[in-house]
Amino acid sequence: MLRSCLLILSLIITSCSAPADIRDSRFIMGTLVEFTVTGMDEATATTAISEAANEMQRIEDLFTIYGDHDNSIKQFNRSEIGVPLLLPDEVSKLLNSSLEIKKKSNGAYDPALGKLNMLWGFSQPDSPSLPPGKQEIEAAIPPLHCIEKTEAGWIRSDERCVLDFGAIAKGYAIDRGIETLKQHGIHNAIINAGGDIRLIGRHGDRPWRIGIRHPRNKGEVIKSLELEGDVAVVTSGDYERFYIYGGARYHHILNPESGMPATEVQSSTVMAESAMLADAWSTALFILGNQSPAVIDGINIKSLIIDYKGEIIINTL
Ligand code: ADP
Ligand code: MG
């Protein structure tokens, strides 16, 4: 009797002291970033989350082309044509990765669309409500190859060549956030930046559970996933930054060939080993639509693509 009482008591104590979720959120990169850590004492988790958030803010400052804060990307964007500029290693590395994804995606993802993105204005504080004129659009499309790396630094060969890491920096920031958590000894965590996610480990004795939202029915989940280990899931959609004009939807993911918002897809989700890759590829597949399987053949990513009719056209998740 005494033994079973002691056993029950010890079970209760164990379950009471089992660490719960420690959560916090911070507004970074124009979105609410939610951190959840589990299986760790509160003091360590709280410190780790705060440093992860600071690291993500550092990435925003390093890569943003908006706001008053100067950085090397803005310097490159105003650099003289043909004059090399040395970029910090971290920036140079992400630019290399970006150009590689541009190549592999047949130009669907292009980090040099800054002029075009600024013209459409979806990331400006005052949201636009009118599409720009045809001539203005044509004048803002950069030539296919306009950035070059030399011994002396990076060179832009055309005025229309303006860097914008808007489709990759959030993913990279999430990766840096996860890296920071790991450095604090955290093995089980999830960072959710407005639906762009990377997770590590498990959620207690279960996998992490995430939902991919329906592109048209807010609050509806089109697919839920149970994941564990170390994986990223990122979605690009036409439903967050958009307006309707003349009955048509205009949004922030642009087809680099036409300079217009891409029209084949409502949302594309990519699962990859890093949030950086998932972020850039989700944007690329948004433009590629049903050409995606041929383009990503041999590349280690999975996807869920919903076309303009709201039908799932590709699902390898
Ligand atoms: P979100 O920022 O909503 O997560 P994305 O990751 O798809 O969406 O990134 C869209 C942003 O990337 C745009 O706001 C713009 O700055 C930039 N962008 C738009 N079209 C492209 C493209 N074809 N290639 C690379 N970047 C793009
Ligand atoms: Mg993206």
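Sequential numbering from 1, following the chain as shown.
Cβ from N, Cα, C; glycine included.
What TrEMBL records for this protein:
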type	residues	note
BINDING	ALA167, ASP279, THR283	Mg(2+) binding site
SIGNAL	1-20	signal peptide
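Sitting within 8 Å of the Cβ centre of ALA167, ASP279, THR283, and not among those site residues for Mg(2+), are the Cβ atoms of TYR109, GLY166, ILE168, LYS170, GLY171, VAL234, SER236, ALA280, TRP281, SER282, ALA284.
Secondary structure from DSSP puts THR283 (Mg(2+) binding site) in a helix. In the three-state DSSP reading, ALA167 (Mg(2+) binding site) counts as coil. Long-range C-beta contacts of ASP279 (Mg(2+) binding site), restricted to its own chain and to partners at least six residues apart, with a cutoff below 8 Å, comprise ALA167, ILE168, ALA169, LYS170, GLY171, TYR172, ILE174, ASP196, VAL234, VAL270.
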